[in-house]
Amino acid sequence: MMNLSAAANGRDEFPPYVVPSNAAAPPPSLLPTMEQQQESSIHREHHQLLGYNLEANSLALLPPSNAAAAHHHTTFAGGHSPHDILHFYTPPPSAASHYLAAAAGNPYSHLVSAPGTTFHQTSSSYYPPAAAAQAAPEYYFPTLVSSAEENMASFAATQLGLNLGYRTYFPPRGGYTYGHHPPRCQAEGCKADLSSAKRYHRRHKVCEHHSKAPVVVTAGGLHQRFCQQCSRFHLLDEFDDAKKSCRKRLADHNRRRRKSKPSDADAGDKKRAHANKAAAAKDKAESSSKNMDIGDGLGAQILGSALLSKEQDQTMDLGEVVKEAVDPKGKASMQQHYGFPFHSSSAGSCFPQTQAVSSDTTSNIGQVQEPSLGFHHQHHQHSNILQLGQAMFDLDFDH
């Protein structure tokens, strides 16, 4: 952008240049000639050296005035300062009317000065009054977009519904595009608007009143009723009394919902099967408990037998210890069995003694042995016989 404050200071430093009255006016044009472009580039470089900030396109957009053209030709010849290049001419009435018509529909027309207005009128709201009053060049901005194009763009935006982040490609809810009408009740003479009705009523195009009415006159003058199962109108002959569903669909509905009652024979068979199943489960439980009792008793019996046999073995080991007391002269000897003392005598009296010992031993064995265990009984009898044989052998050997 142009440095307006610098331009204003430049005008204060250098007096304005007066254009001679006999200067030939060049033909008006919107674009500068080649000579003017070369001279403007020289002046632009000079202004950049002096501290002015001019855009490259600022001179190309605004054509120079007659005074500026004369100034371009006399700047270097007369020695005047080149700072008066901001003078522009007022366009002809035809061009002014064209730009005024184009700027009429421009929303930013209040920022653009009309041809013939001063810089102070358009820049007073942006710059201080002192600086705006000192800058007096006249210029204008051409409208880049016409009002017709802008109106067309706004119309297209409203039709497309492009509203900055909102998906409005389709019309809003409740609205209908061109050629479409809101759903209405299909009953004869009923034009109820179903836009705000329930989705069910909008879908089947029936209002709430006619969906429950017993008789509805539809198109063609037919007396019908709305079926709640089929969601459409049927003739009155297809309904039973005041039912709201037709006969066919109501029968299907009842068959699905209701369950048939079982017969007496089926109930008896089911009861017997249940009783048999319960009895079998009970027998199985009793047999398992009985087997457990037998196993527990057998284990206890085996454990008791083992303990008893251990005690008997210890007793027999002690009873097998035989103490013999022999007389030094060899006349008499005495054998002592554990708990069974007897004296030796002649050979004739040996058998009764053996019989006495046998009877005593048998009685002792009967006292300590349990009669229910045959195996242990045979074992102890065999050991007793061996003990008796040993005693008889000792007696015979002594005599």
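Note that Cβ sites are derived from N, Cα and C of the backbone, with glycine treated the same way.
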Region 'Disordered' range according to Swiss-Prot, out of 250-292, 336-378: 250-292
Segment assigned the feature region 'Disordered' in Swiss-Prot (from 1-28, 113-140, 141-168): 1-28
Under 8 Å by Cβ from HIS210 (Zn(2+) 1 binding site), counting only residues of that chain that are 6 or more apart: CYS185, ALA187, CYS190, VAL216, PHE226
Cα distance (Å, whole number) from CYS207 (Zn(2+) 1 binding site) to CYS246 (Zn(2+) 2 binding site): 19
Site with most surrounding Cβ atoms, counting all protein chains shown within 10 Å, from the binding-site residues CYS185, CYS207, CYS230: CYS185
PLDDT averaged over the residues of the zinc finger (182-260): 84
CYS190 (Zn(2+) 1 binding site): tally of other CB atoms within 10 A of its CB: 15
